[in-house]
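TrEMBL has this to say about the protein:
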COMPBIAS  20-29  compositional bias 'Low complexity'
DOMAIN    253-439  domain 'Major facilitator superfamily (MFS) profile'
REGION    1-34  region 'Disordered'
TRANSMEM  78-98  transmembrane segment
TRANSMEM  110-128  transmembrane segment
TRANSMEM  202-222  transmembrane segment
TRANSMEM  253-274  transmembrane segment
TRANSMEM  286-307  transmembrane segment
TRANSMEM  319-337  transmembrane segment
TRANSMEM  343-365  transmembrane segment
TRANSMEM  377-400  transmembrane segment
TRANSMEM  406-428  transmembrane segment
Amino acid sequence: MTASPDTPGRGVEQTERSAAESAADAPSSGGRGGMFRSLRERNYRYYASGQVVSLTGTWMQRAAQDWLVLELSGGSPAALGVAVALQFLPTMLFTLYAGVIADRFDKRRMLILVQSGMGLCGVALGLLDVGGLVELWQVYALALALGCFSAFDAPVRQSFVVEMVGAAQLSNAVALNSMTFNLARIVGPAVAGGLITAVGTGPVFLINGLSSGAVVLGLLLMDTARLHRAAAPDGKRGQLLAGLRYVSGRPELILILSLVFCVSTFGMNFENAFAVIARNVFDRNAAGYGLLITALAVGTLTGASLAARRAGGRPRLRLVFGGAAAFGVLESVASLMPGYRTFALALVPVGIAVMTCTTAANSTVQLTVDPAVRGRVMGLYMMLFLGGRPLGGLLSGWLAEVFNGRAPLLIGGAAVALASLAGAGVLARRSTGLPAGPG
């Protein structure tokens, strides 16, 4: 039986056992075989199809926004860091409360509203840019607005996956979501780089705004009777605190969430770091920047494909920490590559490692929590995962200004590697029954 929201868990062994049991007992969503088995569920097919289009537009906008900020600011890495910070700052402020809302209200309807708002942000920025009216403060303001919508989108979207496919197919669906994300990450920046060179950044923002309609359409077409809905908690006050108490009683969740924060804050500031490296280190244009994002995405797509093949009911804590350690080391090594081509090639294994870590962390957290608090726990997860970006964006810009464009990747990778080794040490001592000891 899974622990209640106010009851501490009983360690790593109970976590893995309860997750395996819940996955085995859950209704099947179309069998167990095949990399794409969760797509046998019709609702998830609609969702995934819309996500491919919408996420491609999102990655086009991210590349265009970074490039536009650099152009408007005269190539300032610090200005780019501010834009990243503003876009992800709302995550730190609102995502926990969004998790409470995700547990209490209809997730599909919430996603329709939030995705529509995100689309409007893209259209507004596109119209300003195409009309020649765009200024840096407007980019900042719309980045902040987009961040507010994203703060509510993230926990709702993450906790909605299990409602579409059921617990038995959750790990596979999480891996396929990562594949979708990284397929878009390959196509989006490459297309954006070409469009920016040909027609400028404005049309890219407009395309992204319109692409949100695809995921909204997929949500509208769903058969709500086929959703695996969790029972909503009562409307009493204190639901947020109940979720936090639940996590505080689960040491293995605390370890994973802490590592996720370190990986996101210090290691995953790819877009702004690559923009600075492409422009200021290797003297490349927007297309060259887009190809760096694409090289990383080839690795992350490969990592997600491997995760989808091996996805099963049992969480793998060692995979989380091992993947993070490999990611940190490989990122530091990549930062030392002397030429543009060798740097781009080194990003492929970096992508495989980071996807191994993040996919395993996401599915492990979702499989090991009580369904009644999943939205709140995923709100905390996404707050740490996305909320580390404002700090990381500012840190990345500062390191690039003070040292050079390579410093954010070199220092960030080293920090991730050290954090993962420390977490793995704590995990090993808990698993073998050794006392933690002082310090």
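Backbone N, Cα and C define each Cβ position, glycine as well.
What TrEMBL says about a protein is an automatic prediction, not a curated fact.
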### Query
Any chance the transmembrane segment (343-365) and the transmembrane segment (78-98) have 3 or more Cβ pairs under 8 A, given the pairs are 6 or more apart in sequence?
no
### Summary
Listed stretches 110-128, 253-274, 286-307, 319-337 vs the transmembrane segment (377-400), most Cβ pairs under 8 Å: range 253-274
### Message
Take the C-beta pairs under 8 A between the transmembrane segment (406-428) and each of 110-128, 202-222, 253-274, 286-307, 319-337. Which stretch has the highest count?
### Response
319-337
### Feature contact check the transmembrane segment (253-274) with the transmembrane segment (319-337), CB under 8 Å, 3 or more pairs
yes
## Note on the structure
Counting Cβ pairs closer than 8 Å to the transmembrane segment (253-274), the top stretch among 110-128, 202-222, 286-307 is 286-307
### Task
Could you tell me what the rest of the chain brings near the transmembrane segment (286-307), counting residues at least six beyond its ends with Cβ under 8 Å?
35, 59, 63, 66-67, 174-176, 178-179, 181-183, 185-186, 188-190, 192-194, 196-197, 270-271, 274-275, 277-279, 340, 343-345, 347-356, 359-360
